[in-house]
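What follows is a short report on a single structure.
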């Protein structure tokens, strides 16, 4: 199956008064049509910047310093601004974390859907409005026909996120980027929004990149997971496999730090000690080495490559995957599971 | 949705009630603020070390004349009684007599105010027409040479004394180049060739039907209006730039870009629309500042305006005129504030419901 999105060697830095912050350091990722790729990592791991770089919508100080992102046969890094704006909101839709601030407070919610439709479809206002009502019904906003004329402040957080989804899906994109779509919402609403995204993904057959720091969200929603740390891909695997056998010490650390309902009450949660590296002066070797419980001397000195680990779709950036590494359960031996 | 007529009329009644309620609360706000203003001008009038009796009778008046005037002015009464009389007089539109012009202060103010108002209107039109676009462009082109030019031009408007600019303007454009008329509203020769109807020189000279007079009035008002316009443009462009920068970095602007909106749509339809809400207040207050009359501009250009009148009265120790002028200026400020507040509520959907 050919890929919908193929990113290679993506490198992005922010030039701030404190110097150059290397937010993304050579990320490769692929998304196949119709699949859900979960990107997981702590804040500052570069997951959001990766996606904003793909859309070429970085903050002022941000610079894409290298790499390519081929989407549906076109390299997004080479496209001119006109072609890019034709693509954004049309072939790629985006949902943000905070639906409170991502809607324009002075325009009705319907208007914010209509303007997206009018921008990309050659139809009249009346048809665009009908489309907005249809989208509101699709994301299950009650009494859609009257609610299109309401303002964002008249909506709850969950309802606003539904509006954002309606906007993102207005032109039936091939790819939906959902950047922490449930983080700012109540727990009960989170579940509704996630299942809505999953349901619509199935119905519209689009691919989804789901960015989150919540492994539970990944387990429920994604087909494949990519774990990011220090602006790099640390591990990548199909979702069932990564939960059965996480290979990278960082992934293990992440899993140990979330409560597991099956083992609730037995044993304590163990958060990963230490803090993520300062990306204006990243470590020479593996970025996780200073916090890694099984770090070796080589880890601090040389960057490990992404090893194939356990299958053609599984990759892990860890020296333990190297053939010269000592066999160390439960990290790099199959009997660990 | 189906709405039965019953709930619709209930809603209409509710809306009418809210409208009445909000109008009443606005009126109450105005009343309280104005009362505070009157109290303030009254007590300033009692505190300043200017003896109103001496201003009237002069230094050499015999003590019995002084005492008679003292009693006539009611200064022997307790303060609170004096304040009540003051309130009563103001309610009647009586701001007292001006000792220097020997006319009622109110009629003086009504005479001088139009000249100031005319300059202020022209100034604010120039300020908004140039300042808002300049601020928007500076924000969009942040840290480029366009931004630097806008900021330097604004900085000069901010920091160079306006009377110096006025004098230089007269020197260059009047004395040397003779592009504009000199001080005053008209050349002496035209002074009696029109009838005062509205008090606005451009309107009155246009009404006279004599285009030579009108052209002369234009040549006289051009320089002071441009200077005041430049001054308010400096302020408005700076404020517009900072408000726009804030909006442009907001999440919903990023969301608009993600929809594929063009740069024009992002800037005008999304960012400027939100920036307009605080800008209304900024423009209203700077217009208020201009209405108070730029004393320096009016002095340099011998412009018969309110600022000039208040300044002259102050120098002559004419407290009635000064306090009357202050009261009028303060009232205008209060009304502009209320006006901008109402406009603000209409522009911002989050508060719109309360205003309707």
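For all residues, glycine too, the Cβ spot is worked out from N, Cα and C.
Taking TrEMBL as the reference, the stretch among B:75-96, B:97-118, B:119-140 described by the feature transmembrane segment is residues B:119-140. Looking at the stretches B:211-231, B:232-252, the one that TrEMBL records under the feature transmembrane segment is B:211-231.
Among residues of the same chain six or more beyond the transmembrane segment (B:279-301), those with a C-beta under 8 A of the stretch's C-beta atoms are 116-117, 119-120, 123-124, 127-128, 132, 161-163, 166-167, 170, 183-184, 223-224, 227-228, 231-232, 235-236, 239-240, 243, 307-311, 329, 332-333, 336-337, 339-341, 343-344, 347. Proximity of distant same-chain residues to the transmembrane segment (B:119-140), defined by a Cβ-Cβ separation under 8 Å and at least 6 residues beyond the stretch ends, is recorded for 146-147, 150-151, 153-154, 221, 224-226, 228-245, 248, 263, 267, 272, 275, 279, 283, 286-287, 290-291, 293-294, 297-298, 303, 305. Long-range neighbours of the transmembrane segment (B:211-231) within the same chain, counting only residues 6 or more positions beyond its ends whose Cβ lies under 8 Å from a Cβ of the stretch, are 118-120, 122-127, 130, 157, 162, 165-166, 169-170, 173-174, 179-182, 184-187, 190, 193-194, 201-202, 205, 290, 294, 297-298, 301, 303.
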